[in-house]
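The structure appears right after this line, and notes come after that.
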Amino acid sequence: MIDALELLLNTSLWAAVLRIATPLIFGVLGALLCERSGVLNLGIEGIMTMGAMTGWLTVYMGADLWAGLLVAAISGGLMGLLHAMLTVPLGLSQHVSGLGITLFASALSYYLYRLIVVVGDLPPTIEPFGPLSIPILSELPVLGPILFSQTLPTYLALLSVAVMAYMLARTPLGLAIRMTGENPHAVEAQGLNPIRIRIGAVVAGSALMAVGGAFLTTAAFNSFFPEMVQGRGWICIALVVFASWRPGKALLGALLFAFFDAYQLRLQTVVEGVPYQLFLMAPYVLSIGALILVARRARVPDALMAPYRRGER
Amino acid sequence: MRLERRAQVPLRLVVVAPLAAVAVALLLAGGLIAAAGVSPLTAYVEMVVGALGSRLSITEMLTRATPLILTGLAAAVAFRARLWNIGAEGQFFVGALVTAWIGHSLSLPGPLGIPVLMVAGMASGALLLAGPAYLRLRFSVDEVVTTLLLNFIVILFVGMMIEGPLRDPLAFGWPSSVPVDGAFRLPDLVPRTRLHIGFLFALAAAAVVWVILARTVFGAETRAAGLNARAATFAGISLPRTLMGVAMLSGALAGLAGSVEVLGVTAGVTTTMSPGFGYAGIVVAMLAALHPAGVVAAALFVATVFVGADAMSRATGVPSFIADVIVALCLLTMLVALMFTTYRVRR
């Protein structure tokens, strides 16, 4: 019991929380952007896998790490474009199309990886993003090692939260996106094209998801292997609901989830006689619990999942 | 470009659309096979021969199709009512776990015990989906996320059981549960192959589901609930009761898939016994346009791709992940094909 509490005082735990939260922050922001425009994107698990693979592969082929993130974003954007074409102009079921994208993007990632890379006993590796200590700030007691000794993509994730929050709340573009998710007919009455706005939001959101996936292979680990996204995409879908479609709360949700994940990992080492699977289950059980707590109060975008067709109400 | 709903769907389109969808998917996947430096035609021939070329390969394909028919039915039944059950994988595992658990300690003669075990598997699958269905109805929690998260929880639970109370001490450290009593193993359909009579059960299940959907009040209510929930409520259909019924049926079918797989193939439960039967069931259901008879055909097709791709991969060196690519592409092209059967494109 004392040991379990002592773990909470460990700065490496809190540094790990921020690290584990990074792919979730990108993923949940991406999913949030899609949903705010009225499109549910269940392709996220596959898009993150795609980003993880293409980002890693780009670096493996000799490009630098930032080029890896860029290529990941482009590959994710393309998958998003496919989802958007199926669900926005064609108005197909967003649920089924999203699942199709997940199956397709993961299968294609594994296939291309096996095709291009010769895998021996161990998967080939790259030199990943290293932790970057910000001068002076990183020497602060406690906060220094937690907040200011992370890798660059983690800072990028935190910056994205602020940019997304500002963009959605304060800019004409953000207003147009939010309105498209609430009432696309009103958007059209304003002389804007809701179909273009939705396609744009899904492409940009999917690019963000893919960067979250690329974080796994270019910063958290240094190789790509099948099943490495491990349901993080689905967790992001749950986190969007938990966050009531708000970027700030999305950050909070991602941190909370990452905390449980990091804490259970360390608890396993001090609590004996409990099957480790129970610890691994905890984050999923908590996600469901959080959904139940929040679902009733959640303000779902009105036009979420409703296909928009001109002249049809 | 404008889409206009067709007043009547021509029968010609209903037949041609799925075939065209599969053809386009195979064409696109052919490009990826060519990228591996192998002629797509050679690869597809190897695939068909690998799945249908011998008595043994045909029985393997049918063995693989058995759980796919059941999980495909589970998805079709739920999707018809717009209950997005993405948890067939978890329901499959819970059915398998309960079957292996009871099947190890139960002492009954086989012909009595087998139905008991299958009902237990069905009940556990139904119960697992009842939770998310209740949450959707009572608290409007999206069932997509809850059923999906439950998949992870169930598989971890299976892992916990087979490393703990259900561990098979004779498995030499291989993580598997204790096997079910030999009396409960499903008899072979074809001697000296893995094909068991569970395949016939799956066909029977498809027939039963078809009758339920097409010939009963419950089936009509399901359709109404799926087409327009508000209109259905207005017509006096109890949406909660209908959706709960759908959830029970869907979960039971996926649970039965797990049960039959244990009794017919694996004897015990392992965390790796499903190569994604639950997820593939969704593709099967969509390829079948959610029709029970179509589910059987689609499951045979998907099983052919999976079994054939392994053989093709060994013969040509194309990575066997191509099977998943083909199946996923089929799902996407089928979605588009279905749209063209219900809508007409106008300029």
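Cβ atoms here come from the backbone N, Cα and C positions, even for glycine.
Annotation source TrEMBL lists transmembrane segment at B:12-41, B:61-79, B:86-106, B:112-135, B:144-162, B:195-218, B:239-257, B:277-309, B:321-343.
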Range from B:12-41, B:61-79, B:144-162, B:195-218, B:239-257 with the greatest count of C-beta pairs under 8 A to the transmembrane segment (B:86-106): B:144-162
Among the ranges B:12-41, B:61-79, B:112-135, B:144-162, the one whose Cβ pairs under 8 Å to the transmembrane segment (B:195-218) are most numerous: B:61-79
Beyond the flanks of the transmembrane segment (B:277-309) by at least 6 residues, Cβ under 8 Å: 14, 18, 21-22, 46-52, 57, 60-62, 64-65, 67-76, 79-80, 86-92, 151, 202-203, 206-207, 209-210, 213, 254, 257, 261, 320, 322-323, 326-328, 330-331, 334-335, 338
Folded-back contacts onto the transmembrane segment (B:144-162), same chain, C-beta under 8 angstroms, at least six residues removed: 84-87, 89-91, 93-94, 96-97, 101, 128-129, 131-132, 135-136, 168, 175-177, 268-271, 278
Contacting positions for the transmembrane segment (B:321-343) when only residues 6+ beyond its ends and CB under 8 Å are counted: 3-6, 9, 13-14, 17-18, 20-22, 24-26, 28-29, 32-33, 43, 280, 282-283, 286-287, 289, 302, 305-306, 308-310, 312-313
Intrachain neighbours beyond the transmembrane segment (B:61-79), with Cβ under 8 angstroms and 6 or more residues off its ends: 51-52, 85, 88, 91-92, 125, 193-196, 198-199, 201-203, 205-206, 209, 213, 222, 226, 246-247, 249-251, 253-254, 256-258, 260-261, 264-265, 274, 277-278, 280-282, 284-286, 288, 290-292, 295-296, 298-300, 302-304, 306-308
